[in-house]
Amino acid sequence: MKNGRGNRVAVVGTGFVGASYAFALMNQGIADEIVLIDANENKAEGDAMDFNHGKVFAPKPADIWHGDYDDCRDADLVVICAGANQKPGETRLDLVDKNIAIFRSIVESVMASGFQGLFLVATNPVDILTYATWKFSGLPQERVIGSGTILDTARFRFLLGDYFAVAPTNVHAYIIGEHGDTELPVWSQADIGGVPIRKLVESKGEEAQKELERIFVNVRDAAYQIIEKKGATYYGIAMGLARVTRAILHHENAILTVSAYLDGPYGERDVYIGVPAVINRNGIREVIEIELDEEEKKWFHRSAATLKGVLARYFAQ
């Protein structure tokens, strides 16, 4: 165990996602201390050795070591990447039974250390497991965050930017709802340079509208395509987790589409779901309730109902 000298991030689960996330943290100089925790201690130790050998090339060398749950006591942020992976043909919701029990053990072990920081959940189905983390930890809802639709939104902006030949950073568009098959695009509020995307395609005809629909389908189904080709997705989500981590540790008050607890916004209660939220050192400062059109409202409530149906099997509502 190291002596705290700055921001500490504990990464639980050093598989593809956890190791890629730790690598992103180191390369971007986001954290001062990174502790790697895994049931396979040799894997965590090997990763720590590998990262330390590259420390001389990092913009801000962090202390990196393999540890155990006691190291979470002084952590500012615990990021859970552990759990069963999604296999070809499986949906994210198929993973619930496998991962609920794993999460109970992880979260209870973290809390037993005296941990008083924030949780960030990456494991799928992320909305369900973020809710489970909140329940198992007993922490205030704003201190438990899921990666939500941050990657879906990034995919959406990339594909729209590619279609319109503009930088994705200049595309303002959100994917909200479940990080999964019932997610939805907020076309009514999507714009490029202040010009609504719907207006941009008006003059392009029916084929342009069909292309937008194809873009969303490619966003929604991206994980299936990547899993089929290479077995797992990890680089994109690792970079998304690093972005959320920076917003937290640097107290940015950044708006990101994370899995946040709703207790009224969007007409929903008692569910974690992907929505834009203001993120800072204290966790979720507030949920941003963007205006949805009637069709988007219908699809958002359908997405929330899907998640609640799963939650009802495990938690008393």
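Every residue, even glycine, has its Cβ placed from backbone N, Cα and C.
As written in Swiss-Prot, here are the features:
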type     : residues                                                                             : note
ACT_SITE : His179                                                                               : active site, proton acceptor
BINDING  : Val17, Asp38, Lys43, Tyr69, Gly83, Ala84, Ser105, Ala122, Thr123, Asn124, Ser147     : NAD(+) binding site
BINDING  : Gln86, Arg92, Asn124, Pro125, Val126, Asp127, Asp152, Thr153, Ala154, Arg155, Thr233 : substrate binding site
BINDING  : Arg157, His172                                                                       : beta-D-fructose 1,6-bisphosphate binding site
MOD_RES  : Tyr224                                                                               : phosphotyrosine
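Mapped onto this structure are the features recorded in Swiss-Prot.
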| residue | record | DSSP (3 states) |
| --- | --- | --- |
| Lys43 | NAD(+) binding site | helix |
| Gly83 | NAD(+) binding site | coil |
| Val126 | substrate binding site | helix |
| Ser147 | NAD(+) binding site | coil |
| Asp152 | substrate binding site | helix |
| His172 | beta-D-fructose 1,6-bisphosphate binding site | strand |
| His179 | active site, proton acceptor | coil |
| Tyr224 | phosphotyrosine | helix |
| Thr233 | substrate binding site | coil |
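In this structure the C-alpha atoms belonging to the residue listed as 'phosphotyrosine' and Asp152 (substrate binding site) are separated by 13 Å. Of all the recorded positions listed here (Asp152, Ala154, His172, His179), His179 has the Cα closest to the Cα of Thr123 (NAD(+) binding site). Taking a C-beta cut-off of under 8 Å and a sequence gap of six or more, Asp152 (substrate binding site) has these contacts in its own chain: Ile175, His179, Glu183, Val219, Arg220, Ala222, Thr257, Gly274.
Among the binding-site residues Val17, Gly83, Ser105, Arg157, His172, the ones whose Cα sits within 10 Å of the Cα of Asn124 (substrate binding site) are Gly83. Annotation: no binding-site residues among Val17, Lys43, Arg157, His172 have CA atoms within 10 angstroms of the CA of Val126 (substrate binding site). The C-beta environment of Ser147 (NAD(+) binding site), restricted to residues of the same chain at least 6 apart in sequence and closer than 8 Å, consists of Leu120, Val121, Ala122, Val126, His179, Ile237, Gly240, Leu241, Val244, Val258, Ser259. For the binding-site residues Lys43, Gly83, Gln86, Ser105, Thr233, a Cα to Cα distance of within 10 angstroms from His172 (beta-D-fructose 1,6-bisphosphate binding site) holds for none. In this structure, the binding-site residues Gln86, Ser105, Thr123, Asn124, Thr233 were compared by how many other Cβ atoms lie within 10 Å of their Cβ, and the smallest count belongs to Ser105. Sparsest Cβ environment among the recorded positions Lys43, His179 (other Cβ atoms counted within 10 Å): Lys43. For Gln86 (substrate binding site), the nearest neighbour among the binding-site residues Val17, Ser105, Arg157, judged by Cα separation, is Val17. Fewest Cβ neighbours within 10 Å among the binding-site residues Arg157, His172: this applies to His172. The binding-site residues in question are Val126, Ala154, and the one with the fewest Cβ neighbours inside 10 Å is Ala154. Ranking the binding-site residues Ala154, Arg157, Thr233 by Cα distance from Val17 (NAD(+) binding site) puts Thr233 first. Rounded to a whole value, the Cα-Cα separation of Thr233 (substrate binding site) and Arg157 (beta-D-fructose 1,6-bisphosphate binding site) is 18 Å.
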